[in-house]
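Notes for the one structure printed next.
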């Protein structure tokens with residue numbers, strides 16, 4: 001190769017490099033959901049013999065919307081919903097939201113009173129009463145189904161919405177019991193959850209007023225694997241409640 005050809009080749013490579021550097025890169029994938037003013041997360045303990053630790057956010061704008069209560073799974077606690085940004089997001093969207101530590105988890109002491117189904121129902125009723133929660137939507141993942149399902153069966157008149165996320169304890173109730181519950185329900189589960197999600201979905205489908213959202217490429221804790229998709233589905237459900 002002559003010096004002239006080598007020079008032309010070098011010039012061509014330089015021009016290609018400069019052109020490449022000037023091209024715009026791929027757009028950053030940022031979420032619009034969490035933007036806005038900062039939100040203060042309050043903490044406290046309920047009254048009574050079984051004191052329950054909770055985290056709470058108030059709506060940044062005064063609304064008359066539903067109030068959302070978050071339970072949690074076996075490996076989690078109320079802090080999960082703060083870390084995920086769920087509490088803060090709902091506050092910005094005009095919702096009051098409360099996340100509780102179930103007995104024996106997080107900052108709540110163990111309690112013998114929740115060893116029975118009736119005791120677990122009474123505990124949730126006490127939380128709603130102590131915190132003066134009304135028009136409540138109950139969000140129940142995994143293990144917390146042992147609290148949420150008996151509460152739904154016995155006290156569904158206290159709920160304006162129910163969001164089960166592959167909960168336990170669905171087998172404890174007959175098809176007719178589910179059919180008697182008219183509470184609007186959003187059934188959420190992860191596509192990759194091949195055990196509890198399928199089992200619970202079989203039973204929860206008997207609820208007469210339900211919709212189903214499957215989060216793709218998400219496992220049992222689908223809200224952790226696909227938080228933005230989870231938040232979008234939850235907000236769409238809440239925003240359309242009467």
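Here the Cβ of each residue, glycine as well, is placed from N, Cα and C on the backbone.
Among the ranges 6-26, 27-47, the one that Swiss-Prot lists as transmembrane segment is 6-26. Counting other C-beta atoms within 10 Å of each candidate's C-beta, the recorded positions 38, 142 are led by 142. The CA atom of residue 142 (active site, charge relay system) is located 8 Å away from the CA atom of residue 220 (active site, charge relay system).
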